[in-house]
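Let me begin by handing over the structure; questions about it come next.
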Amino acid sequence: MKKGILLVNLGSPDSTKVKDVRKYLDEFLMDERVIDIPRWKRYLLIKGIILNTRPKKSAKAYKKIWWKEGSPLVVISERFSNKVADKLDIPVALGMRYGSMSIESGIAQLVKRGVEEILLVPLYPHYAMSSFETVVEKAKEINRKKYPTIKMDVMPVFYNNTDYIKVMSANLKRHLSGFDYDHILFSYHGIPERHILKSDTTNSHCKIDGSCCDTHSKAHRTCYRHQCFETTKAIAKTLQLKEGTYSNSFQSRLLKDPWLKPYTDFELEKFGKEGVKNLAVITPAFVADCLETLEEIAMEGEHQFKSAGGQEYKHIPCLNDNDDWVDVMVNWVNEWVGEPVNI
Ligand SMILES: C=CC1=C(C)c2cc3[nH]c(cc4nc(cc5[nH]c(cc1n2)c(C)c5CCC(=O)O)C(CCC(=O)O)=C4C)c(C)c3C=C
Ligand SMILES: [Fe+2]
Ligand SMILES: [Fe+2]
């Protein structure tokens, strides 16, 4: 069977125009795994309220980080995908969960090139129903409905994979060189707290307050918070970071529900007020820089920290198209080519 790879990331609007941002947010926020409320309520909330105000605000934010080639997230994902393709003997396609360059067009490209067996690679290190799971469900739906003869495997999450931790640690170390940090904040994309309970396959292990995350459980195969904490622990261990010089937080809240805590913006202010002088912020939930890292963390975050009294601030870039990261992905794919893996 001829094999091929489909890399999938989140996607961006086609441009920074408010109408394009609205179209993108419409698709994104109408996803039942992102805004997980009954369909009629989601319809009223998103189409009736959020889409009247959010697109203008988001378009302004996108304008601050947009590149002449397009959205950083998409451009970086293309560069990564091209580099991976150059090092493999099998076809590689790129798809996005929302916006243009869809998962469907990615699968179609592979099929056109004769592929009969696809390895789906969600470009998320951690499992969340609003990221990894929605990519897998969408791809499987297209697979089932349009390409039922194509076999599809899924690359598992890699939050604690030795090779991923190695490249993340090396990237952090390289960017910290010459920066005399007092503290490193590991800021992960947040999710609503209730998603932790919804994704608990044991229906009993996970607790809202996080007291569960250090107790071994098969629930952790789909526990976003546990997986984020494990990534931090593994990087801290690799780099021998001193206890007390690093911590976790969760960013990018939307709407009024409680999200995973502590909140990044509150932490940035707290650090500034408490006398942390030099702060580094790393964003391991993202493999490619995007609106949430370039605007929220690198720009807004610096402002929040410094206005509260902080002095030096450094956002650590994501892995992006780093050659060592490309090699890691190529090795993982080659392992699959030899022996299929599945979650
Ligand atoms: C890292 C994985 C991500 C998870 C988990 C996630 C959950 C999640 N996101 C929203 C709402 C928004 N996210 C937005 C941007 C955005 N989100 C991720 C990744 C995850 N989201 C990325 C990579 C990006 C950047 C996209 C880009 O084009 O650069 C946005 C859009 C921008 C904005 O208006 O702020 C929204 C909205 C929810 C509600 C959610 C979980 C329920
Ligand atoms: Fe998001
Ligand atoms: Fe947990």
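Just so you know, the numbers here start at 1 and follow the chain as drawn.
Keep in mind that glycine also has a Cβ here, set from the backbone N, Cα and C atoms.
Automated prediction, rather than curation, is the source of TrEMBL annotations.
TrEMBL feature annotations, pasted as is:
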type: BINDING; residues: H189, E292; note: Fe(2+) binding site
Can you check which residue among the binding-site residues H189, E292 has the largest number of Cβ atoms within 10 Å of its own?
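Comparing the binding-site residues H189, E292, the most crowded Cβ belongs to H189.
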Does DSSP give H189 (Fe(2+) binding site) helix, strand or coil?
strand
